Amino acid sequence: MNYLNNLNVFKRRRNTSSTGDSSSSAVSSPVTPATDAAGCSGAAGNGSGTPQKRRKKSKKGRKRTISVVPISEVTEASLELWRTLPPKIRHDPSMVSFQQVELEHARLHGDCHEDSFPEIQGLEEDGAEEDDDDEEEEEEEEEYENEFITINVTNEEGQNKEIGHVKEKKEIPKPHVHHLAGHYIGNITPPKHDDINDTGQSSLDEDHPFRKYSKIICLFITWLLIMSFMVVKDEKLVEPKHLSISPGKTKAYILPHLPQSTRIKVTLEGTFLSEPYSNITEHYLEVYLQMLSSTLEANDTERLFPVSSAKNISESWFIPIVHPYLFDSAPIVKEQRLFDIIDSNYEQLHQPNGGLVRLMIRSNIQSSMPVAIRYDQSPVNRDVGVIYAAFVLIFLYVLIIWEIVHRTFAAVIASTLAISILAALNDRPTMEDIIGWIDVETILLLFSMMILVAILAETGIFDFLSVYIYKITNGKIWSLIHCLCLCTVLISSFLDNVTTVLLMAPITIRLCEVMDMNPVPILMAITVHANIGGTTTPVGDPPNIIITSNQYILKHGVTFLTFTAHMLVGVIIVVITTNIHLRIIYKNINHLRMHEPKELKELRRNIKVWERAAGKIPPYSKDANIVRETLMKKVKLLRHQYKKKMTKGTVPEDIYRSTLEELQREHPIKNRPLLIKSGVVCVFIVSLFFLESIPELRRLSSGWAALLGVVLLLIISDKNDMDAVLSRVEWPTLLFFAAMFTLMEAVERMGLIDWIGHATETIILSVSEDLRLAVAIIIILWISALTSAFVDSIPVTAMMVKIVVALSEKAYLGLPLQPMVWALAFGPCLGGNGTLVGASANVICAGIAEQHGYRFSFMDYFKLGFPIMLVSVFVTTGYLIMAHVVFAWH
């Protein structure tokens, strides 16, 4: 009882003498009690005694200590439990209530110990002081908390994983390297992919013989199928025939062989009008098929047959033609049509006494008209071709997703398989056709920009820009990510997204390595933003160029300014939602790090120590609950600090300053004359890109502009070592694009793209008129986006442009053109973010990452890109509906 009375006296003295905030029992400013006769003046005075064990005083101002339990609730029993806790917990500032009570108890009984409550003894009246742990504390702490210790390793994605527990505490040295010029840059050593060999193949095949040999067998069977189809079938040569259509007469051209299927594909070339202008002329060419019951000796148009011997077996095809006065100056236009033969007529043709088929052509003009005709009597059956096309695409994605072979080899196998299937369908393309399928402009652009970036790297500009961005972001991870993404969006708005990735990827890798971050998720983030930024202007992405180069669309008010104005609002909304999405995905900032920071490890260790201490106190009495609740409140506070530091993601100030000074000293501009020359060439190339968007000044394509710029740079820089420059070109990436172009054209020839287009048009026409615009926007946007995620966006855009123009031309539908154009522009650009092969920039970024020692698979990108694509398309749908259906902005 005497002890408790003295305790109450101490409480009253504390309330009257405290200089801190005494209005709350939960927050107090601990002060040193006055020296009394009981002793402890050395402990509570100016701190002059025991210099070796005295805590070091902080030079900062007053520091407030959080007490998680009021002094009034501290009982003698709870104080006894507190004394059994480890020194680290007893000396923590949050236990100041227990420390003050223990101090008063010691002063009353004269058994003061300097190390019993250092948080109280080491404080002066001008503020609370923090101090270092003494040797005795460290020994006891090690004995208590190192009972178990977790070892963390970094996986391929740069994420920390616990792999086991050991009984001893071991310090593992970490390399500290600052070398921005090479592949391994920053405070880390790039991840070693133990299961990836030099060719990018998984070494698991060697560990699993069944998987290895089954893969070889399946690929060998595929090779046998390809070889058998290619050897058995010849190339299909369809020679053009030139005819002259006389005025007032019907030209009859007899097909030399009977059709091998119920369809005949006819191609005509002449001075025709394209379909959008068919309503401005009254001159037509009529084409249809006719079956004869007797044989003609020659292609004689003058010979007449009885009506009973001739039978029309197809509908008439009317082709609008220009005025006869323009025959000599009008451009040549190609038109194609598939004629379907009824099954009964087809069976009659192939009977023993069957007849022949002739192509009937006549015009309603009063002058002769020359035409060139090609006919294919065994075209691809589109119903079957669509199934084969889907099979080839599934086969390609199986090879890429499960990484059975390298993606370049997978594209080569799939494209070759598609050509062999066309051969099996009696439509084997010629080598000239295959070469024509490859978009040489894109390959030329990629090749030229790769050389330009390789020369720019020699100037040190990427290292310099990395240091500058590191400086302005102050070592904050999210500031760095947002800065990189914003720069990517701005650059991609005016340059091709492939060029943007080629410029931004090296900077991103260097910055991530400096800040001990995993470059893979950041690279995927800037690739996503490159595709988003390319949506803004007509020159930002190839689909936009295809859309804005259409003459019908240009004549209906879609200019550079109107296109940019309508797209910019949507792009801003998509960028904001995408950054929010990234913050949610990487809420745990450790998923972006190569190694967990030391301070976070210490916090996690402290949380475990305090939880273990609380767990050892049985909650059977009120006194025990007081101590237990005090410990759990401290755990809650530590968890809050851990979550805050984990979300904030900053580099410690001292490390940031030392790293910045070292980087600025070690990585200046290396070759200023070469940088100036490269800058002049970049301005020249960008100027040509902008001139290309002006129809009156359009002379050079993007590929030629980039190639001419690179040639100029090689001349003025006097580069003699071409082997070193060409060695930096991503040849596998270029081959991948060539194979993909071939595959997409083969798939289109099988009828998959047309099938998607017809399905889209059918759905739009099936809804009521008042909902038709909203449905058209949704269908065009989502079909083009989802298709572009798995099929190259260029053929998808070319196909959807025809559908948009056709829907706009049909006056009875009442569909305005511009909203459908904006939906079509958003769809392929945003849809390219869905998969690794959805856009050219995605593949380029993967190649650059692999070249620098980092690798992400199809599924790695799919997990990040596909959800972002769905969210961005959903947000864009709402924007277009509000802007054009609700407010009718158009």
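Our numbering is plain: 1 for the first residue shown, then up by one each step along the chain.
Using the three backbone atoms N, Cα and C, a Cβ is placed for every residue, glycine included.
Sequence annotations record features per position, and here TrEMBL assigns compositional bias 'Low complexity' to 16-41.
The annotation compositional bias 'Basic residues' is assigned in TrEMBL to 52-65.
Looking just at the domain 'Citrate transporter-like' (397-827), the mean pLDDT is 85. For 397-827, the entry in TrEMBL reads domain 'Citrate transporter-like'.
Sequence annotations record features per position, and here TrEMBL assigns region 'Disordered' to 1-65 (among others).
If you look up TrEMBL, you'll see 123-146 (among others) marked as region 'Disordered'.
Here TrEMBL flags 385-402 (among others) as transmembrane segment.
The transmembrane segment annotation in TrEMBL covers 409-425 (among others).
Sequence annotations record features per position, and here TrEMBL assigns transmembrane segment to 445-470 (among others).
The transmembrane segment feature in TrEMBL is assigned to 477-495 (among others). Long-range neighbours of the transmembrane segment (477-495) within the same chain, counting only residues 6 or more positions beyond its ends whose Cβ lies under 8 Å from a Cβ of the stretch, are 469-470, 503-504, 507-508, 511, 515, 517, 522, 525-526, 529-534, 536-537, 539-540, 571, 575, 578-579, 582-583, 589, 592, 649-651, 686, 689-690.
Positions annotated as transmembrane segment by TrEMBL: 563-586 (among others).
Here the transmembrane segment (674-694) has long-range neighbours at 452, 455-456, 458-461, 494-496, 538-539, 560, 700-702, 705-706, 708-710, 712-713, 716-717, meaning same-chain residues at least 6 beyond its ends whose C-beta is under 8 angstroms from one of its own. Residues or ranges marked as transmembrane segment in TrEMBL: 674-694 (among others).
If one looks beyond the transmembrane segment (700-717) by at least 6 residues along the same chain, the residues whose Cβ comes under 8 Å of a Cβ in the stretch are 440-445, 447-449, 451-452, 455, 496, 499, 674, 677-678, 681-682, 684-685, 688-689, 691-692, 725. For 700-717 (among others), the entry in TrEMBL reads transmembrane segment.
Taken from TrEMBL, the feature transmembrane segment covers 771-791 (among others).
Within the chain, the transmembrane segment (864-889) has long-range Cβ neighbours (under 8 A, six or more residues past its boundaries) at 521, 524-525, 527-528, 532, 566, 569-570, 573-574, 577-578, 581-582, 585, 773-774, 777-778, 781-782, 785, 789, 816, 818-819, 822-823, 826-827, 830-831, 833-836, 838, 842. TrEMBL lists 864-889 (among others) with the feature transmembrane segment.
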